[in-house]
């Protein structure tokens, strides 16, 4: 078929001529490469991974101990400090959505990262500067002279924090798809390296959590808050410099225009043609074939109403003009445009089940820590703070990543349970099941702890290790596969947006967890009873709460399985 030729229900020379005004969707172009450039660009993914190590260290260097900083140096109350931290965290995981829209529509991934880093670094510098302001000493003075310096420190700190939230949002939205873009999908070796890239990227995120949790937090509380924040700021400055210096290595893709408009055009065109019937031969639906070797998405029969947008009417045969060309995009759409909207609709149920998963995962930093605080924190001759078990979970994540490729996949192949590596959907399903198992183990441990407390004994915190290990497995199977899945399934014009949607589940899961706490408290803390999650856990029944979470996760797994079985993976045709 020649370039520009269009398949329609009633083909005619007049039709071919009159539809030449159709906009040709262009694939993101890359700069031509010579052999030396190819070798240099093969190092680009390593640069991205190093960048993520530094960025994660910087962000967690502020986030991990932020509530303590707000309470001690800025003299906030416990409730206000916790509320401020929760709001800031939520904002940090909501901003990637806006960063993704900017990256996909206007700036591209590289420019989005570059501009975001400016805000990121400025915010980190302001937070660091706030730690050096003499708020504590001046607060003993009665009068306005006390309040003004304190207000200044708070203003600078929160201005810096929200600059970090917006800057990190842009980086999170664009960095992972930018790193994945450095691989050549037409090269078999590159495709295999790309699959491992997602796992290594997640390891780099955890690396930052370990360094900040064990090193920077200790400096903040034992040496100087300013020095601790300064080290975190130095990390993002180093990441910024390295990213810019490596610019010649990168394969840079330009944005393809706003995907929102394209999706809206499909809906409008389908509604305009609601009374038409879709031809039985779907090859008669409208598609553009151009000379740029633009990949097309194969037609699927789901959401058949949307196919009406690609049905050609006689009114589409109007003479070419600028006005007609502008209106035509809202009257007729290509099959690829229609399928892009179908992909998003198919992703939504999978995405929604990830919110429940994230609500359960939020127990890592809340009820798991509270449970550990009510246990015997000595293991041999060491005293283990409950929050330090989070670092153990991060180490378990690294162990699961290594075990997956070296033990789990070979074992499945040897048992003929999998032909090669399990699919992304299968891995996400296994992760959801592991999350339910982790909640059940936590419930059993809590039952043991309550039984020991009833006998006047204290259960060792080491009993928490299995639940942390199971939760780490759920994290590896779900979140790594989810990032990979959303990136691979996303339409070309929405790579960053779909990746940011995967991150958005973390924020929504945290909000859902808070809602579950409120519901549990409303139904259990009545008639003078302490409730399941009481201030004194020995008087409550946190084990009931964990059983509820296990049941909720199991139901979530069943719902996910129903959608995953019917999910049709995107098929790209030349």
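Along the chain as shown, the residues are counted starting at 1.
Every residue gets a Cβ built from N, Cα and C, even glycine.
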Between 88-107, 248-267, which stretch does TrEMBL give the note transmembrane segment? 88-107
Ranked by Cβ pairs within a distance under 8 Å of the transmembrane segment (114-133), the first of 47-68, 225-246, 468-487, 499-524 is 225-246
Would you mind listing the long-range same-chain contacts of the transmembrane segment (343-364), meaning Cβ under 8 Å and 6+ residues beyond its ends? 263, 297, 302-303, 390, 393, 425, 428, 431-432, 435-436, 438-439, 442, 468, 471, 474-475, 478, 482, 485-486, 489-491, 494, 498, 501-502, 505-506, 508-510, 512-513, 516, 549, 552-553, 556, 559-560, 563-564, 567-568, 570
Taking 3+ C-beta pairs under 8 angstroms (sequence gap of 6 or more) as contact, is the transmembrane segment (544-563) in contact with the transmembrane segment (47-68)? no
Ranking 47-68, 197-219, 384-409, 430-448, 468-487 by Cβ pairs under 8 Å to the transmembrane segment (225-246) puts first 47-68
Among 47-68, 88-107, 384-409, the stretch with the most Cβ pairs under 8 Å to the transmembrane segment (197-219) is 47-68
Touch test for the transmembrane segment (153-176) and the transmembrane segment (88-107), at least 3 Cβ pairs under 8 Å: yes
